[in-house]
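> Got a structure for you, questions after.
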Amino acid sequence: MIPTSQQKFPSISESEIKKTFVTEEHPNHRYPSTTYPVQQKELPTHKNNYDPNQINQTVIDYDDPFPTLNDENLLPVPLTKVESIFNDITKKLGFQTGNCKNMLNHFLMLWDSRSSRIDSKTALISIHADFIGGTNANFRKWYFASMLEFDGLEDLILPDYDNPKEPPTAPVEPSADLKFNISDININSIDLIESEIKFQKLKELEYRWRLRMNLYSYEDYITQIAVYLLVWGEANQIRFMPECLCFLYKLSYDYYISNLCKESEPLKEYYFLSQIITPIYKFLRDQVYKINPENGKFIRREKDHNKIIGYDDVNQLFWYKGGLERIKIVGDEKTKLMSLSKETRFLNLHQVKWNKVFYKTYWETRTWAHVLTNFNRIWIIHFCMFWFYTSFNSPTLYTKNYDQTANNQPTAQATLSVVSLGGTIACILELIATIAELFFVPRQWPGAQSVFNRILFITFMLIVNITPSIYVLGMIPVDVYSKVAFVISIIQFIIAIITYFVFSIRPLGGLFSSYLFDKKKPLQYYASREFTAAFPKLTGRGRWFSYLLWISVFGAKFTESYFFLTLSLRDPIRNLSIMEMTRCVGDIWLGSFLCRQQARIVLFLMYLADLVLFFLDTYLWYIICNCFFSVGLSFNLGISILSPWKNIYVRLPKRIYTKILATKDMEVKYKPKVLVSQVWNAIIISMYREHLLPLENVERLLYHQQPSENLNKRTLKTPTFFVSEDDKKVNTDEFFPARSEASRRLSYFAQSLSTTLPETLSIAAMPTFTVLIPHYGEKILLSLKEIIREDKNSKISLLEYLKRLHPVEWECFVKDTKVLCDMGEKTEPTYTPVSALSEKDLIKRKINDVPFYCIGFKDANPEFTLRTRIWASLRSQTLYRTISGFMNYQKALKLLYRVENPELIEEFTFAIRNIDEELRKMACRKFRIVVSMQRYKSFNEEEAQAASFLLGAYPDLYISYLEEVKPETADDEVEFYSVLINGYCGMDNQGNVIPIYRIKLSGNPILGDGKSDNQNHSIIFYRGEYIQVIDANQDNYLEECLKIRAVLAEFEEYDFPVKNPYNRFEAYETKNPVAIIGAREYIFSENSGALGDVAAGKEQTFGTLFARTLAEIGGKLHYGHPDFLNAIFMTTRGGISKAQKSLHLNEDIYAGMTAICRGGRIKHCDYFQCGKGRDLGFGSILNFTTKIGAGMGEQMLSREYYYLGTQLPIDRFLSFYYAHPGFHINNMFIILSMQLFLLVVLNLGSLSNESILCMYDKNVPITDLQLPIGCYNIQPVLDWVTIFILSIFICFFISFLPLLLQELTERGVWRAWTRFFHHLISLSPLFEVFVCQIYAKALITNVTFGGAQYISTGRGFATTRNPFHVLYSRFTVTSIYSGALLFLGLLFGSITMWQPALLWFWLTMISMCLAPFIFNPHQFCWSDFFVDYGQYIRWLSRGNSKWHQNSWIGYIRSTRGKYTGYKKKEIGVESEKEATKIIKAKKRNTFFGEVFVPSIFLIFTFFGYSFVNSQNGVKDTSPTNCVLRLLIVTFSPIVVNMAVLLIVFVISCTLGTLCNMFFKKTAAVAAAIVHGISVVAHIFSWEVLWYLEGMNFSRTLIGFICCCCLQKVCMHFFIILFLTREFKFDDVNNAWWTGNWYRKSLGWTAPISPFREFFVKTIEATLFARDFVLGHCLLFIQLPLVMIPWTDTVHSVLLFWLKAGDFKSPILTKRGKKKISKTVTRYSILYFTILCIFLALFIVPVFMARFVPDFSKHLPSDIAIGLFQPFGQDNNDTGPINAPETIPRGKPVASILSEN
């Protein structure tokens, strides 16, 4: 039913109903009659009277823009009236004229889009329902949530919110006696009206809402929409806050319809912006930025998220009535804005002081406690089940007097009670998660849930779970069976299982029943329910698919974990738990207590390692099950080439007709073959024009007209490509070059049409959509210089590289260019076959063709050079490629419209231009492309020319940009404008483009990380119903664009229901709207070498294989490109991304989380794909990885994760967790498992090295006596190590499974195998290990320090070599340091407990240390290697005399700055630039991450070191003092550094200034001396340790590891707790070396700066020694590869997948060659000299060990005692003779009797 102004209640007059039911008046406004400017006969022309405040006066660009709105007889409101409404609102409310015109055009295009498929009245109602009054309208939900339905009621008592410290109560609801049932309404009675105003129940409120909406006139609908759009159009950053926007709309509308507004003068233009929007904007800006008093520029505040009141905090204030009551008038703080009359609130809004209104509604505190709360169910599921499994298989721990030969077992009640403690663990975890919630959600926020009852319940359950164990284990002897205790233990076990399942399944926020859905108080938490937990329910296949997936995952996981992980630990538990190390001597200071516990220490570490594996294998099974479920879905959809209906080519013409051309209302006027031929020929010709197909292949693929038997007609000849009966008989090689782009595209196109596509509408009836592309600094169009020059660090130019990657396309391009060249020379283009040419002519042709094949042109004519630039740009990641690709939508729409309307050809038979214009009008009506060029006005000349070329090539392209207008006075701020232009805009006399729209902003819109702000300021220029969000490095294809109608049909809005959404008596049932449609990506950079293919494979599998399953089970979110968004749904809910700086670094995914939380559905479209570029080089890929990892750290702090983690049902929660944070936490667990493995190796290796192992046979009963007598049965533990390593190996290599299955299902077995083989030979497993490390490190670093920021990854081809020092400084902290420590630990483990499984960790170590260099182009080239070494030496030494941007000292200062932070003082020097990007982290975070955790590692490392020196099994010996030995070796080089630095300081203060006058490098020399001595001191300390350890290499190794760990902990401890902030400038460093302190800008800190710098320089000296030694070791390891001939060639072939001959040495001048040769000679001598010294330091002691005297005999006894470890001791005390008497020689008598 469609409401009209004439519809009435049956027995009540319309006036009476309006009088009683409608609490707000809606008078019939009279608007001034104006002419509606929609008819325009010509395109915009150049105008000469333009000034900066003018804009193009045209709303549209061509005739008849809104065909469905032309007939005013069919319109509910004439268009002239519509414009009058917009103009009147603009004047009365003070909006901008430009905003009015923009929003008017926006509304009309939206109305026209809807009216294309339904009548205009229904279309208008549907738009109003989406914006304002419908069930899914965000405004309606906010209106109910904020209790505005009761606004103005005198008897409604509101709580006082004056004191923010007092938690407000929920809004008071009307008394119970005001309730009534809808069924009791007597529609004929008027007496019930007064009581109806006070409805309480939600359904009653909804009923009254529908009544009101139904009574509005069509003009009212348009008025409300207009006000909303005008508010939204000027809102700037407020668009990120949807409920704040609703509030502003409500106040604006209330004022506009009031008598006060009619009686008042119109407000000045810009009133709304300056008085309403700008104050809120300034509050938001000032939260993040402040003005630098020295230069007047805005700088970022040093505040973390929990101190910033951000967009979400501000927005959530408007959710509840209590928040609105905080808004008070300035000057009269007792006057609340909401207490004023409705019509006056708008005019008083400018008096609000917003900084007293807003407060934090969620604390994004930087802590790991977020993980405990948000994912508490994950920890409960795993920790408790691990306890169940492991405790059951650890009986020796709770068996009294367990004896291995008797194998006595615990009592049944003891076993059950211990296992049942898993329920207690579940309670503890739940309690911790609940308590942690108190630190995130402020209690003063009205939406905060009370946790008191939950804490009481959990505490009660904790008591219930633990009390039986107190009785069973504490009051009954463990070895005595008790029937009562047994029964109690059974009950306890049942309770534990119930507790486990309840806490595992129920979300934390709905432990009893969700507080959000309290039926007694449906409105109390209405806002939280609708805005944070309105998750769309899964139905049908999706629900069962979700259940089945997770049942499969955990079924397989729990089975595998028990039989593979837990049972493999059973024997080690038994052996280590009873192993007594009673024969160790111990340490002088520590005694023998510590060494006696070594077996238990190893067991504890094994428990921890097994627990980590218990988490890891869940993710492994998730990957496996997800992949196979996705493959099953692909078969079901028909997208797999292995599907039984394989004939994709033979059936393609029929499918083109049925899937693309056939529509609901299509009239068949021509044979399908004729229509299909037009589409197919257009596809083939487009590929030819893109130089994908040679001309001869095109001829064979096209439909051709040929004469028929009927002379008056012609017939169509079908290409032989379609003639075969079966695809097996189609030889595609005859039509396409093998593995070509054309073949790939057409095969996917054919395959995709074998799937089920939604039924579509005609082009005229389809909805309008917009492609939005944000652009900042991405390359627009490659310059000629960029594509033909050779970089000095590369051996191939970009053009040459592209020619090798696309040989067929280059050949086609050259032939096409030659034809154009011949035409330009006015010669007849002819082609003579090679066989017909003489040898002389053949040579001549080749000579003439050389320029074409080399650079693509023969002369420098701009036309031909531009063609080469375009060819290269279309095969690179450029904006031109993106624009040209997505303008194919316009071509596709024209093509389809022409095919659907053949009468156009007849109508314009003699006016082809008119046909094109008609087609263009339709395409522009249905499609718009907007590029948000943020920097357009500040482009350099090259960029400006490229942008101008884009507009010339595609005049229908719209570009929006930011325009800055400098202030006239110093007190004013810079003005910012959002501006829109296109290729038809004219120019004024000054050469300025006359914009279409120019809208002033409240300030600089770029407050966040950039992209989301850039999208937001341009979002007002989108048109239509849907937005496709695209990145500036994507591509699209004509054949894919033809499917656009089917994709838009996925939004399920083609058929609007017949029922009226405002039906008065029947609630309008609606499905959750589709908010986002995800689409596939083809990564077109997959063939660009090894790393490009790895990155492409990751992206393809995530965007296709996993997205397919996630969409099915409701776990898919929004990942940016190339998703389609429901424009109204998203823009009324905060936009298409979020923008708080750093917090929303991964901005796109927040839109997906918002959509899910607010009731939007997210689908995936498998039959549509766009091209996408990906990072290609090692550095750029890892920059992207770092950005994603750091962004995930920010996500874990966000409120969205809190909402999803604590409110989603269990299956949806698991889907969300494992698809998003689980991946990153899994990477973190992998790295944690490696650290735990290292500790296990160190401690188990120590135990194994100092023990005599038993002869072990797993088939022998465990009760047999272990031989030799007195041995240690460690072999089961060593076997467990193999299983552990195998588990880690599987976790790493399972990452290849998705890609393998993806290729298998879509490209076949051979393609899957070859791609996998390519990955293996390209060493991509090493890259995967390194990437895992980067992901984990980025996550940990961000949660600890913060500082997440957008990292420009760079999208060029990675053919350039990066210097060694750049890679070293980039990856030392993230991986190389850890890899070096792993190397030392593995070396120790390989010596003490070698087994083949350790080889995998050796590969891991190689990856962590050497991957940056292995994947660096030309890393192993002889000359480049030594030139690189020279740069490394200079990097180490420079930066002390004069600041250098790239120096070791600068790298150390920036690293240290993360701990100390920087002082505010600036002096305007270049060295300050990097410092401004760093924000100091909280001390508690840095202390925990950089001191506490490393201290734990140090302690367990020391356990192994102390045991290896405990002389276990050695008889008649005295204890040694390994602790003193460790302290001496650790701190002696530091003491030497301090002494040397004191001497240098005295010299610099006395003679430094004088020396610096004559020798400018005094500082560099002084620093070199100190650093050199430090290197020598540290190396000498290593040699001393070797000697003190009795020349035992394994003991020295673990001792050295302890020294390194102890130094690291001590330095970090001192830096974090005692060092003051760094200066941003570098003067202090120079002052230390030169003594020139008095000229430095140190201020009051000058007297204390030398003391601080002394400790800093002491630390730096130690760090220099570390980096000097480690850097040289990495370079020495690479020497064998450098010296092997052809290594560089083979390495380049593996990296780039090109032929060996494609790489050539760069062309150098004679002088350049001489310079390089001299450099190589000089630094190779230095390199080999240092290499010989290093080798001597390691080799000489090995051979001289037997000749080294024992100096301990010549030292005083009080010094020597225990300091030296004795040489060559025998620790074999096993056997009948040597074994101590305490060791049993046989089985106990009780054991023998029990066996008999």
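Cβ atoms here come from the backbone N, Cα and C positions, even for glycine.
I grabbed these lines from TrEMBL:
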DOMAIN    219-332  domain '1,3-beta-glucan synthase component FKS1-like'
TRANSMEM  379-398  transmembrane segment
TRANSMEM  418-440  transmembrane segment
TRANSMEM  452-472  transmembrane segment
TRANSMEM  544-567  transmembrane segment
TRANSMEM  1228-1247  transmembrane segment
TRANSMEM  1280-1301  transmembrane segment
TRANSMEM  1397-1415  transmembrane segment
TRANSMEM  1487-1508  transmembrane segment
TRANSMEM  1528-1551  transmembrane segment
TRANSMEM  1563-1585  transmembrane segment
TRANSMEM  1597-1619  transmembrane segment
TRANSMEM  1725-1748  transmembrane segment
> Look over the recorded stretches 1528-1551, 1597-1619, 1725-1748 and say which has the most C-beta pairs under 8 A to the transmembrane segment (1563-1585).
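Ranked by Cβ pairs under 8 Å, first place goes to 1528-1551.
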> Take the transmembrane segment (1528-1551) and find every residue of the same chain, 6 or more past its ends, with a Cβ under 8 Å from one of its Cβ atoms.
1566, 1569-1570, 1573-1574, 1577-1578, 1580-1582, 1584-1585, 1588, 1599, 1602-1603, 1606-1607, 1610, 1632-1635, 1637, 1650, 1654, 1657-1658, 1661-1662, 1665, 1763
> Per DSSP, how many helix, strand and coil residues does the domain '1,3-beta-glucan synthase component FKS1-like' (219-332) have?
72 helix, 9 strand, 33 coil
> Mind checking which residues of the chain, 6+ beyond the ends of the transmembrane segment (1397-1415), have their Cβ under 8 Å from one of its Cβ atoms?
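Residues 1090-1091, 1178, 1234, 1237, 1281-1282, 1285-1286, 1288-1289, 1323, 1325-1327, 1329-1330, 1333, 1364, 1367-1368, 1370-1371, 1375-1376, 1378-1380, 1382-1383, 1386, 1389-1390, 1674, 1677-1678, 1695.
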> With a Cβ cut-off under 8 Å, give me the same-chain residues at least six positions beyond the ends of the transmembrane segment (418-440) that come close to it.
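For the transmembrane segment (418-440), the sequence-distant neighbours (Cβ-Cβ under 8 Å, at least 6 residues beyond its ends) are 362-365, 367, 369-370, 372-373, 376, 379-380, 383-385, 387-388, 391-392, 398, 451, 454-455, 458-459, 461-462, 465-466, 468-469, 473, 489, 492-493, 495-500, 503-504, 508, 511, 1202, 1206.
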> Mind looking up the mean pLDDT for the domain '1,3-beta-glucan synthase component FKS1-like' (219-332) in the predicted model?
93
